[in-house]
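Reading through the structure tokens given below for one structure.
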């Protein structure tokens, strides 16, 4: 576990934002994988990618983030990955839907700088892997040690 980078899969249909977040997470010692759509992300997961964290947008063509989560849950794709939504959809019903689908966090893009997003993702990761951390959800095993 020491020295190993945390693997993160970032899914966003906005190429500029995807590249920016990929760069920022890489600069902060994450091993970054990207996908421009939910369909592309599902294919990567079906191909064996098993990231520690999946950070996804909700509003995407073809398959939105919620549909992607439903497909991941139904097909048991990356069941131990920590799933976090990063979206501009900030209505309570969207947050509730994400929670019902098992996300560990919901970050509103417009309210967060890239560094704040990294800090929030790191905080969620710490709460999930540290059994002593106070968390509103049940503890979950995360495959940090490969």
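Placement of Cβ uses the backbone N, Cα and C atoms for every residue, glycine included.
The average pLDDT the prediction assigns to the domain 'Response regulatory' (7-124) is 95. Annotation comment: TrEMBL describes 7-124 as domain 'Response regulatory'.
The Cβ of residue 57 (4-aspartylphosphate) has 11, 12, 13, 14, 65, 85, 86, 87 as same-chain neighbours under 8 Å, each 6 or more residues away in sequence. For 57, the entry in TrEMBL reads 4-aspartylphosphate.
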